[in-house]
Amino acid sequence: MLKGSSSTSFLLPQQFVEPLPHAPVEISALHYGLLSRNDVHRLSVLPCRRVVGDVKEYGVNDARLGVCDRLSICETCGLNSIECVGHPGHIDLEAPVFHLGFFTTVLRICRTICKRCSHVLLDDTEIDYYKRRLSSSSLEPLQRTMLIKTIQTDAYKTRVCLKCGGLNGVVRRVRPMRLVHEKYHVEPRRGEGPRENPGGFFDAELRTACAYNKVVGECREFVHDFLDPVRVRQLFLAVPPGEVILLGLAPGVSPTDLLMTTLLVPPVPVRPRGCAGTTTVRDDDLTAQYNDILVSTDTMQDGSLDATRYTETWEMLQMRAARLLDSSLPGFPPNVRTSDLKSYAQRLKSKHGRFRCNLSGKRVDYSGRSVISPDPNLDVDELAVPLHVARVLTYPQRVFKANHELMRRLVRNGPHVHPGATTVYLAQEGSKKSLKNERDRHRLAARLAVGDIVERHVMNGDLVLFNRQPSLHRVSMMAHRARVLPFRTFRFNECCCAPYNADFDGDEMNVHFVQTEKARAEALQLMSTARNIISAKNGEPIIACTQDFLAAAYLVTSRDVFFDRGEFSQMVSHWLGPVTQFRLPIPAILKPVELWTGKQLFELIVRPSPEVDVLLSFEAPTKFYTRKGKHDCAEEGYVAFLDSCFISGRLDKKLLGGGAKDGLFARLHTIAGGGYTARVMSRIAQFTSRYLTNYGFSLGLGDVAPTPELNKQKAAVLARSVEVCDGLIKSAKTGRMIPLPGLTVKQSLEARLNTELSKVRDECGTAAVQTLSIHNNTPLIMVQSGSKGSALNIAQMMACVGQQTVSGKRILDAFQDRSLPHFHRFEEAPAARGFVANSFYSGLSPTEFFFHTMAGREGLVDTAVKTAETGYIYRRLMKAMENLSVRYDGTVRNTKGDVIQLRFGEDGLDPQLMEGNSGTPLNLEQEWLSVRAAYARWVVGLLAGSKTASDGNAIRDNENYFNEFISMLPTEGPSFVEACLNGDQEALKVCEEQESREDALHNSNGKTNDRESRPRTGRLRRAVLISHLVKVCSRKFKDDIQDFFVKKVREQQRIRNLLNLPNTSRERTEGGGDNSGPIANKRTKKRAPSLKVKDSKEGGRVSELRDLEMLQTELLPLTRGMVTRFIAQCASKYLRKACEPGTPCGAIAAQSVGEPSTQMTLRTFHFAGVASMSITQGVPRLVEVINANRNIATPVVTAPVLLMEGEENHCEIFRKRARFVKAQIERVLLREVVSEIVEVCSDTEFYLRVHLNMSVITKLHLPINAITVRQRILAAAGHTMSPLRMLNEDCIEVFSLDTLAVYPHFQDARWVHFSLRRILGLLPDVVVGGIGGINRAMISSNGTEVLAEGAELRAVMNLWGVDSTRVVCNHVAVVERVLGIEAARRVIVDEIQNILKAYSLSIDVRHVYLLADLMTQRGVVLGITRYGIQKMNFNVLTMASFERTTDHLYNAAATQRVDRDLSVSDSIIVGKPVPLGTTSFDLLLDGSISNDILPPQRCVKRGMGPNFHTAKRHHLVPLAAEGVFRLDLF
């Protein structure tokens, strides 16, 4: 039973909601309980009994229980089927039966209480103690469950009741629904021996039976007490009320409610009758089962039944009552189950049950679905809605004065003419009118008044939600602006394909038309495409240019691409909007003809006119950057923008595509916002698609035809490779091949052949690419621009397809020791094991084609298998993390208020706003370029503001100008930065004084109103910003800034050394420097006459040293003004990157981890640096980590070699020590180091002589000799379960360091031979070296680490030569047991990141931190499984909507669970807004000032006003508190 406490809430789907006297209620808590017999009778409208024929009165289809057809009327309330929800009835059972859902609870209670007096089987002290614990208000449901289990365990151990002395045995479940009490089966384990019990019912019967048959008394322990429902009910009635709480029930609840004595019959509308054919009508399954129960009850009421038939009928009633609850009947024999019946359990659980199909996921109105197609002419945030869909979907538009005439025109158009309307709601009449009749339209249009509501069509500019399933992350549903166009498909810009994971091969998508102004506002501000350009997963652009857009941009921005005035103007017109202002830039070439470059075209796209305040400055390398110079790179691989001027480079996918944090859109989004970035993206899409159409871009066979030179190179490479492979195969067959570490000869051969054959394809591919021209070869253009394909595809098309692999191995000999019948047995040649020497151009041979299909099939199978697994991973993560959100105090909590993190991601920053590639808040290098450009503009503006040249020279010669605008010395810079970051008051004072001087100097030239002037009124000054930075920024961020300036100072020192400038203040004061540097000499020779200091009337000119200082400042301006501007800008941006309160960080983190899992495979990968060690990766490894498995497939311990001081660069010492560590770690069996074991038999003694192979031991650097072997054998014999436990110290004797003897435990000649044979069979498998749990250890390629296969972390850490502070293990459970919960959390984070890194997938580490903190929040590692989620103390409906639906509901009802803080799943199920995002605060109207803005009645009516503030739910915050919002009406 669900009992709901309610509070008033306005949830009606209108734009403006007025307070109603009978407003709908909002469920604020859920109370689960048991319906007693009296409760059922109170809810029921009539008792049901068996009826025969067509009689319905008092049957389960009685009309008083409701009706399900439109023509009938309910006899209870008099309403029809639409308005009447029905009324329940009841069935009184003739005899009680066990409740299937509470049967386990009944069993536990029977074990807890005395079967004679019904007291709990504990003493009074324990009862009082547990009562106090259970009565505590702070006891969580999970803790309460564990405490009840402890009570039951203690009571179960009691044999004799401490109250009545009754004997209590074991209560067992026999058959599906029967209990027996094995009273005499077990001897007493707690309490006194049995006392006489003359009053016991079962004892009296036993004494009577023993009097008639003495054998019964002798077999007393096999006599069982049958506990039928009547007997159990009697025991439950006798339970003292004060001890009910110890049984797990709430005070005042009777345990008898766990038994079924009365059944509640649901209303008829719940179980409507259906058609079984064309004419036949059949009852619902529930109705049929209730009728069966009535038949059994009616039969039992017949007094003529004997005991046997009565018992059989009773059991049938029990079975039918159980089948009513669950037709699968767990525990029942198969012939009794009726799985085709849909009982209560079947209607609730599984994917198609009520919880997941109807409550958690609901069907919606105002939606449409159609096929999608591309349209690059649409803006990025636009969606082409078919005209047919636009006429069907409507919006309730309220009529007001501004749109009165428009609404009248729409009403006159009607439902069939677009734009039109379908219905009108007349507010004065309170009725809705249809517009199908043309005569009514004109009449209603004339009567249309302000306040009426018109259901109008979708119109251009309306916000619609667009969604593609499966919706794996937030941006699978975004808001677009509708544009109504003809035809039948939804069309949108291809830039939006990535977030939807959509292609245009027949995909269908859904559109939803939002119905309220609140929904429109939320969709615009939270879900619009422009606001989701950056992914919340890792801060990378997810909406970006793709395919043809990239190829065209690559071509246009290439070197030597020019357009004349007509062509350039035509190109501009392709993207120019109707209201876009633009100004053509100055041509790049003026004579003999004006020509503009493609780069200038992109400059104009980014900044159409100087009036646009978007000054983009950044630098970034492209994919093919050669690192041989930046702006003069031969491949144009370095892109640079300065103040929105395209300086150098060629745009490709790394600059324009998704996932590029250093790209154009990421930087543009940072400085101009998402709206402007979307406009620029739309311009690029519209221009490039048109340009490529005119340019002509096609792919044919001629583009991939190999040249004769390429064929010659390919033949030479193949011949050389075949020769090398033949040599390897021959050396393996002759036994001359040295196996790789940890591998057999065959495995080593496979590894070497794979390596060699991979080189063939790579070399052929390199040669193929070199034969192509970037100017006219379309495949190469696509590869270079990143629009499609890779160099590997070109290699396979032109040169060689290469080696085909299945599960990372060559094609196996699966057909009679060969891969195909075409080859010889055991053939290892490349062609026989899957190597494809042909290209797609030349065509594949039959065997090559077969091998190629085998490799392709693996991908298909892998995709099909992983889909279900990754979907389940995603669902579990979402269910576990959906309740987590950022609160107003900065903590991350669930809906119950439990703290998961003190700061989200440890620093409280939003991952979506992170600009650095490693998750850092800012890209400091790009910020430096931006600040440097702005600073240069300001200085240039300052100098240019002088009226005459003499004024400019005066400014330059001014000492203050020199001190303020010349770079600090390398010795001054770091200390000044550190002082600013540490909040040093002297440094801040210097900043303030410097700003004052800059203002004075700037204002003196009349530049106070310039856009680049000093900060305007209301903006924080730099000193204030820097002081605020010290308080709120993380220590790591400040360290990053300081490290950045350290690099800049080193760069400054290199420049000053080239110029031979002083590096200290003393040298500068003394005029140091002999002007002998290479650059200084050139400048001196060139400008010597003009650099000498002269005395003149104008005050003289600057000295040569000062001129060089200015040159160094131009190259790297490390001035105080530049540094303080940079720190202030970083500070202000850092403050804006905080994660906003209410952010559903849990759901975003779950999506960020779950969505990339769909791109993984199910394979294993080689460990980094060790090719011979394969570890589990991909989806299987992710499952192991998030499930917190106790046993994983490939545990690995990484042991770094201990470094001594001064040994950092000695590789040979590294390797020697690594070999020594490996010898200590790797398990060594006696058979591996023994040369022989000889059985010695003489007249006096019998023993085994063991000879060690010291040459092998020395070669492998093993610390093993006869003494250590003796110790290991004795240690193995010391275990209780060891087969060598008969050996002791006297049985082993050491003869020498390489010889020892093992004697049998006894020297009896009759048995000694068998004893020696037994020891001889066991002795070779004794571990004599290394760690027993580690089968193999490998040294990494760099020799600094030893990797051990196993989970013996503690043993590895205790070894000499191992740096125990850096030992790492990938087994979470082992790390938790050895190092604690914090170390386990760190391993979870590292393992998930490594899993994603193996597939080149990246997510922000803050999401992984949140997942790890959730798994470890209770001090133990809890897996994201059905059992782990249950231990995380989730609400009942949350767990029921996940798995084991009925079990959770039964347990909640039995324990009287109360859920007061509704979670996300709970809120969705009960129809309440989820407590996240915009629902995490209240908007409250300040009534004291609302009268000045709007009339009082309008303010109340609209529910909004001019001034609002936030408040936590049910807690008001004064207006003066922090977090005040202002909502401006317009």
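Cβ coordinates are placed from backbone N, Cα and C, and glycine is handled just like the others.
When Swiss-Prot records CYS114, CYS117 as binding Zn(2+) 2, the matching candidate from CYS48, CYS68, CYS161 it lists for that site is CYS161.
Here the CA atom of CYS161 (Zn(2+) 2 binding site) lies 70 Å from the CA atom of ASP507 (Mg(2+) binding site). Taking Cβ pairs closer than 8 Å, the region 'Bridging helix' (846-858) reaches residues 801, 804-807, 811, 819-820, 822, 831, 834, 836-838 in its own chain, all 6 or more past its ends. Shown for the region 'Bridging helix' (846-858): DSSP residue counts in helix, strand and coil, namely 13 helix, 0 strand, 0 coil. Annotated Mg(2+) site ASP503, ASP505, ASP507; additional same-chain residues within 8 Å of its Cβ mean position, judged by their own Cβ, are ILE372, ALA502, PHE504, GLY506. Other C-beta atoms found within 10 angstroms of the C-beta of CYS77 (Zn(2+) 1 binding site) number 15, with every protein chain shown included. Looking at ASP503, ASP505, ASP507, the binding-site residues in this record, the fewest other C-beta atoms within 10 angstroms of the C-beta turn up around ASP505. The two recorded residues, CYS74 (Zn(2+) 1 binding site) and CYS117 (Zn(2+) 2 binding site), have Cα atoms 50 Å apart.
When the binding-site residues CYS77, CYS84, HIS87, ASP505 are ranked by how far their Cα is from the Cα of CYS161 (Zn(2+) 2 binding site), HIS87 comes first. The Cβ of CYS117 (Zn(2+) 2 binding site) lies under 8 Å from the Cβ of CYS161, LYS163, CYS164, GLY166, ALA238, each on the same chain and at least six residues away in sequence. Put simply, CYS84 (Zn(2+) 1 binding site) is 47 Å from ASP503 (Mg(2+) binding site) when counted between their Cα atoms. Note on the region 'Bridging helix' (846-858): its mean pLDDT in the predicted model is 87.
If you take the Cα of CYS114 (Zn(2+) 2 binding site) and the Cα of HIS87 (Zn(2+) 1 binding site), they are about 41 angstrom apart, rounded to a whole number. Within 8 Å of the centroid defined by the CB atoms of CYS74, CYS77, CYS84, HIS87, the record's Zn(2+) 1 site, lie the Cβ atoms of ARG64, GLY66, VAL67, GLU75, THR76, GLY78, LEU79, VAL85, GLY86, PRO267, excluding the listed residues themselves. Counting only the Cα atoms, the space from CYS84 (Zn(2+) 1 binding site) to ASP505 (Mg(2+) binding site) is about 47 angstrom.
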